[in-house]
Amino acid sequence: MTQYFIKVPNSRDLVHSGSVTAMTVFFPLDTARLRLQVDEKRKSKTTHMVLLEIIKEEGLLAPYRGWFPVISSLCCSNFVYFYTFNSLKAVWVKGQRSTTGKDLVVGFVAGVVNVLLTTPLWVVNTRLKLQGAKFRNEDIVPTNYKGIIDAFHQIIRDEGILALWNGTFPSLLLVFNPAIQFMFYEGLKRQLLKKRMKLSSLDVFIIGAIAKAIATTVTYPMQTVQSILRFGRHRLNPENRTLGSLRNVLYLLHQRVRRFGIMGLYKGLEAKLLQTVLTAALMFLVYEKLTAATFTVMGLKSAGKH
């Protein structure tokens, strides 16, 4: 009997593969969401109308503009988060049994570290995603970047190195998003377990999607401010205050509500929720299929004889 040794992908590898796949498949939804957040004078409110406008005005591939920088940032962000999370957990737990409370604290700290280290990447990819866009807002200053490196160079040269951390404050607040999601997930799970002995895979997916949708809706206004600050290409607003300062988060929220009402804070939410739910579904599917395929291959290989 010949033994075969294959590397078994861990759950982190599978989740990472799923997240990259999902981001690629549903990238146009993220493009629509970003346009609605940043270009507040765009009249089309529905996701499909915005995408149709983008394709008509900018070309068939326009919804995928900036794909590579986003995927690169996603990979770096996942690496930083998981590396920090596992390192902190190893130091704090030290062989003891981990608890939900400890995991939440470690997850929060890892999220903060991730924001501080990777925000420059997200600032650059936001700029690249919106380069060449046909904006309705005439106050937006267009950009002309040749690529990721050139974008870094121009931002540092023209706006100062701190501009690479535009949107850091709302990003830090958004670290609470997973905690909100976890809270609702656990609450929904407890309610379901009162009625049945165990949860099916479909149950887990549904309550996970609901919890994620709630967390997204609650924190969406801060995501809108985050996008505006990261883009940072608006000229002076009527109050003669720039939009690139972290001190203006509350000011931006107030201005958005004053001009467009409370729903102005939620422009693009439809696209974000669609992306969130569909991404969760695809990641779940990819994770299940990859897991099943991996163990099928292992079973066949281990049974091989010569």
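Just so you know, glycine gets a Cβ as well, placed from its N, Cα and C.
Remember, TrEMBL labels are computer predictions, not curated facts.
Summarising the annotation, TrEMBL assigns repeat 'Solcar' to 12-91 (among others).
TrEMBL lists 66-83 (among others) with the feature transmembrane segment.
Helix, strand and coil content of the repeat 'Solcar' (98-191), in residues and according to DSSP, is 72 helix, 1 strand, 21 coil. Per TrEMBL, repeat 'Solcar' is recorded for 98-191 (among others).
Outside the transmembrane segment (104-124), and at least 6 residues removed from its termini, the chain residues within Cβ reach (under 8 Å) are 69, 72-73, 76-77, 80-82, 84-85, 88-89, 92, 148, 151-152, 155, 163-168, 171-172, 175-176, 178-179, 182, 230, 232. For 104-124 (among others), the entry in TrEMBL reads transmembrane segment.
According to TrEMBL, the transmembrane segment annotation covers 169-188 (among others).
The repeat 'Solcar' annotation in TrEMBL covers 199-293 (among others).
The annotation transmembrane segment is assigned in TrEMBL to 200-220 (among others). Sequence-distant neighbours of the transmembrane segment (200-220) (same chain, 6+ residues past either end, Cβ-Cβ under 8 Å): 173-174, 176-178, 180-185, 188-189, 192, 265-266, 269, 272-273, 276-277, 280-281, 284, 288.
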Per the Cβ under 8 Å criterion, with at least 6 residues separating them from its ends, the transmembrane segment (66-83) contacts 12, 16, 19-20, 23-24, 27, 30-31, 110-111, 113-114, 117-118, 121-122, 124-125, 128-131, 148
